[in-house]
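As structure tokens, the structure follows; a few thoughts come after it.
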Amino acid sequence: MPAPHRLYPRSLICLAQALLAWALLAWAPAQASQELTLVGKAAVPDVEIALDGDDWRWLARKRVLTLGVYAPDIPPFDVTYDERYEGLTADYMAIIAHNLGVQAKVLRYPTREQAVGALESGQIDLIGTVNGIEGRLQSLRLSVPYAADHPVLVMPIGARRAPPADLAGQRLAVDANYLPRETLQQAYPQATLHYFPSSEQALAAVAYGQADVFIGDALTTSHLVSQSYFNDVRVVAPAQIVTGGESFGVRADNTRLLRVVNAVLEAIPASERRSLIYRWGLGSSISLDFARPAYSAREQQWMANHPVVKVAVLNLFAPFTLFRTDEQFGGISAAVLQLLQLRTGLDFQIIGVDTVEELIAKLRSGEADMAGALFVNAARESVLSFSRPYVRNGMVIVTRQDPAAPADADHLDGRTIAMVRNSAAIPLLQQRYPQAKVVTADNPTEAMLLVADGQADAVVQTQISASYYVNRYFAGKLRIASALDLPPAEIALATARGQTELISILNKALYSISNDELASIVSRWRGSDGDPRTWYAYRNEIYLLIGLGLLSALLFLSWIVYLRRQIRQRKRAERALNDQLEFMRVLIDGTPNPIYVRDKEGRMLLCNDAYLDTFGVTADAVLGKTIPEANVVGDPALAREMHEFLLTRMSAEREPRFEDRDVTLHGRTRHVYQWTVPYGDSLGELKGIIGGWIDITERAELLRELHDAKESADAANRAKTTFLATMSHEIRTPMNAIIGMLELALLRPADQEPDRQSIQVAYDSARSLLELIGDILDIAKIEAGKFDLAPVRTALRALPEGAIRVFDGLARQKGIELVLKTDIVGVDDVLIDPLRMKQVLSNLVGNAIKFTTEGQVVLTVTARPDGEAAHVQFSVSDTGCGISEADQRQLFKPFSQVGGSAEAGPAPGTGLGLSISRRLVELMGGTLVMRSAPGVGTTVSVDLRLTMVEKSAQATPPAAAAQATPSKPQVSLRVLVVDDHKPNLMLLRQQLDYLGQRVVAADSGEAALALWHEHAFDVVITDCNMPGINGYELARRIRAAEAAPGYGRTRCILFGFTASAQMDEAQRCRAAGMDDCLFKPIGVDALRQRLNEAAARAALPTPPSPQAAAPATHDATPAAFSAESILALTQNDEALIRQLLEELIRTNRADVDQLQKLHQQADWPKVSDMAHRLAGGARVVDAKAMIDTALALEKKAQGQAGPSPEIDGMVRTLAAQSAALETQLRAWLEQRPHQGQP
């Protein structure tokens, strides 16, 4: 045994430690508590209680009873907001304090344990909402129960079966402050317990599939279900636990307090208890008491001065505020405002706004008096005054129905969360999930759309709003994943600061509305129109009901049939004739085609309405009469013929007969399908004939139209075949000359002088081939309806003069006199497309010269004013061989030709010129007429009605403007050239250098744009198809920069440069902001002409012509590989030739390698782009086979989606053609003399 002197100090130390722990335990709750204002029932009842004098004296000294409550709230027992405490427990506490004559004080603690500790330390007198089990575990003395506590089990509405009695295998969700673990494990040992911070979160876990069963007291469960989960869960069974009801708890030694509290509770009548239950929405019905509260004199005066209150609401805040399709205001807030109107007499005028910011601005500016629904938060309370909340609702997480979406709140960190702008929950979310990204939207609908569209991973909303939107608008796309551990959102009315009377009026009116009424309003607006799970949950019952319904219907029908049979048996003799007549009437008159019945003499016995309608007669006109007697066909001879036919039919045949006939009725021929059936009696004796017909005139016409359409389609197919054969002939003819002459030129020794005549033949053939392609494109545009004229002011006299100048040399070569005669009076300038008019005149004059061997060709122009327009006639007459009438009818069809004479043989050309000319003239609103006779000559006249334009000194035809340009100062232009294909870039730069231009080159759109911003350029020529910034985008950016304010340069001329032959390529260039489009390849002369025209349009200095004479060049030389084309493009500059071809060979190698890699990767869009690039390079040397293959590959790859053997072959062919082209080019270079670089 230890010594006494040693035990004494140790005892002191233990005692000191115990006192310190007790002090800390008592101090901690005091520091953590928060004082609340008790808000009980407005009308507190007086009850008779029996207390002795000592108890009353004790209460007089006591003066204050302190009630302890704790977080989280247990609605409807404990409800805290804005430092106020209300609920069922608050109501009873108010009754106790009132009847005991003491003041009630409420302290709120963060946890139940701290509240119990404060009770044990004497800081509070009693604690509320304690059931019997909790009281025994915490050694408390409990008052008599003031509310029943019946634990119930809750499951999702979609659950098909009730849970097993022992909840075996079930996930049981429970409030951590409700029942202790030992009690639950004893009642349900095989269930898996899941504790949650509050009953609301535990119930949400069941609603959203995170738990199977919820257990809670009946009152709290009923309140939460009606407020938030009406369409999600349901009570399925009572729990196997007895708690003893909800009571007040006091310290075990405070018997006096327990006695006086029990005295009050026992004295409260049952009617008052029911009233309190109904007040919190827990009764069986909703109160209809709309009596107005007692308003103060100031409040009544305010309502008298403001009979109309303007209420601002959000347009999209469903289900709280919304506007229906008929513009009617609806939602929870609308229903609350209706109740407030009954309790205040105020008239609420609704003002819809789009955002919360706009709503608050209207409140602060006075445009609105109050807000109909707004979330309560601290930030808004600094500028607004809020009423008592009429909806309190938990926050939930809404995600997509996607396995990758966040499953619950624990998976939100690092995700993108959508929130309504300025939501009070944003700071809390950012604090809890620091790695999450918050994006904001103006309203809940937009926030939901962000998640549905994949721009956010989750949205945080109140459970009511989330359920409303998901069920109505995002079913199958979004889902409510779980509840969020955040303070419940509070929806309240709000006013601007200073509206003291209004906010007081609203609060009083809201307090007069029972929570039962508010719960009913919320229930009407939650959930969707129909739960999609209902069918699957109750399909067996529905099938059973349908089966029972069908069985009942079948029994009912059987009974009806039985009764009708009895009736028919009794009245058969009476109704037999009526039934027969009714049957005949329905059978005959119900048929839409004519039907008749005649006796064996041909008299009409019966006919239907369709028969009478066909002939336009009544039944009296035909019944009992033969066809000649009634004469309904209008032709006596035809009537007799038809009558004889029927008699013969009845006497000769007894079998049904069906046939097609053409009949004429009242002058109209109809094609009918007629049938006749002789009929007899039961003995087989002939009684007459039944007949009718079906009018198949429309069907016959459709068949004829179908036949005609087939003939037309066959003719079109034959025309297509003819076109292809003609095109093959027309293309092969010049190609034969081109290839043959070039082959002979290649076979000549390298040192031998080239045969100029052979080259001239090839050149002429190429020009004819180019004209053929141009004509075909014109025909295609006209037939597609995409051919547009460009009428401009034009000097009328300049049109024929230009045509005469063009063909003067050709006429002299043939020894033909070409004469221009003009008879123009009072007409100067007209509005016309000069290019297309010159095309027409050129075709007509060219044809006249072509078919005239001697004599003359006369172009006559006659013009006279006709009002504001001018009547103009162009006439081309020749002394040629003439054309017969038959040939003239064929001549204006495409590809139609006639020979000029037997000696001349077949005429050269494609036969498209006259066809195009006539169509162009018709597009201009004129006519083209030919008059000719064999041996006399031909005259072709074009008659037009053109708008006259007032003569202007500045009016100059385009051709004259181009010719007048050289008179301007000879100053070179600053030209920016852009092309990612180095051979094309080098060639175009050399051509521009040759023309004396100042050239800056760029090999990409990005580099070109940078150069353009740094330097001023007069002209920009850009390739249309480039990686990165292509030509179209470059043009758009340049034009946008020029249009910007403060841009100080002159607008530059912008040309597109492309190898594409699409008809709409020029239109695409102009749409992008370009002035025009150049097509590869382009010769020096053509390039000079386009620059001259551009300089004239933009009033730029005209580019000078080169000092050294250069050979004529052409835009294209259609041959497989043309040395002449290379010489023309480079102006026979040996150094440039070698530089160009070496760069082309190197670039083609790289492009082919890249093409093969892209082909292996099946990157079809890039394969198409690379094929277009190779086609552009091949055009430099007119490698036609390679161009054709590249263009075919480009087109095929554009729409390709998978592997293609055809593309595989094209890629191999293109690689082989590139290698062959390289071999041929190097061989050609070896044959040429070597020169040094210039």
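Yeah, the Cβs are placed from backbone N, Cα and C, and that goes for glycine too.
Look at Swiss-Prot and you will find 33-307, 564-1238 tagged as topological domain 'Cytoplasmic', backed by sequence analysis. The transmembrane segment annotation in Swiss-Prot covers 308-331, 542-563. Summarising the annotation, Swiss-Prot assigns topological domain 'Periplasmic' to 332-541. Positions annotated as domain 'Histidine kinase' by Swiss-Prot: 726-948. Feature annotation from Swiss-Prot assigns phosphohistidine to His729, His1172; the stated evidence is sequence analysis. Swiss-Prot lists 974-1095 with the feature domain 'Response regulatory'. Swiss-Prot lists Asp1023 with the feature 4-aspartylphosphate.
Cα to Cα, His1172 (phosphohistidine) and Asp1023 (4-aspartylphosphate) are separated by 12 Å. Sequence-distant contacts of Asp1023 (4-aspartylphosphate), defined by Cβ-Cβ distance under 8 angstroms and a gap of at least six in the same chain, are Val978, Asp979, Asp980, His981, Asn984, Asn1030, Gly1031, Gly1056, Phe1057, Thr1058, Gly1176. Residue counts of the domain 'Response regulatory' (974-1095) by helix, strand and coil are 55 helix, 25 strand, 42 coil (DSSP-based). Averaged over the topological domain 'Cytoplasmic' (564-1238), the predicted model has a pLDDT of 78. In this structure, His1172 (phosphohistidine) is part of a helix by DSSP. Its Cβ placed at the centre, His1172 (phosphohistidine) has 22 other Cβ atoms within 10 Å.
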